[in-house]
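Lifted from Swiss-Prot, the feature list:
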MOD_RES   Ala2  N-acetylalanine
BINDING   Lys69, 134-142, Lys166, 186-188, Asp194  GMP binding site
MOD_RES   Lys103  N6-acetyllysine
CROSSLNK  Lys115  SUMO2 cross-link
ACT_SITE  Asp138  active site, proton acceptor
MOD_RES   Thr142  phosphothreonine
Amino acid sequence: MATRSPSVVISDDEPGYDLDLFCIPNHYAEDLEKVFIPHGLIMDRTERLARDVMKEMGGHHIVALCVLKGGYKFFADLLDYIKALNRNSDRSIPMTVDFIRLKSYCNDQSTGDIKVIGGDDLSTLTGKNVLIVEDIIDTGKTMQTLLSLVKQHNPKMVKVASLLVKRTPRSVGYRPDFVGFEIPDKFVVGYALDYNEYFRDLNHVCVISETGKAKYKA
């Protein structure tokens, strides 16, 4: 049985932090309930994940595959930490990047209908160590679909890093190899996670309010 990937577990009754304790853009002041994961904590956890990735995958050229759009902030910060490790290590490895865009959400619900609406030719992944970087695993269906697409091209290794994994009864049971935080079944935004394209410009991961859902509903 595979070992469960470690993560920072945020409990169901976690109260979060008052918005007025942090710098929040004024245009979102009424649209959020609370700050759930402050930006500094995200960065510290991401730094450790970079070390874990290098320890497990650092023996061979890595292709880092970013799942757009929500994964781009985590992707950029994770790669910055990996590059820093590369610069300061006797054993550095080459790394290239690629991008794919998937869509499975309308409003705050994962539709289960996975659309690949961007990305380069995945045949370039053949024989490579592939690190897929995602913002959040909700039901897990999106990632299972992407993994099946990637594995058709016979990569040497495929690992998945996700900033967040949601505890939800809708989960198919999939868990990535590298996990930042395990969170309750709440719809979170910020740090590039969106609600119908809004809130990507927040630094912190926050819980959206009912007012925010109504205002930005598709």
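Backbone N, Cα and C atoms are what each Cβ position is placed from, and that goes for glycine too.
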For Asp194 (GMP binding site) and Thr142 (phosphothreonine), determine the Cα separation and express it in whole Å. 16
Please report how many Å separate the Cα atom of Phe187 (GMP binding site) from that of Asp138 (active site, proton acceptor), as a whole number. 10
Using a 10 Å cut-off on Cβ-Cβ distances across all protein chains shown, tell me which of the recorded positions (Thr139, Thr142) has the largest neighbour count. Thr142
Once DSSP output is merged into helix, strand and coil, Lys166 (GMP binding site) belongs to strand
Between Asp135 (GMP binding site) and Thr142 (phosphothreonine), how far is it from one CA atom to the other, in Å? 12
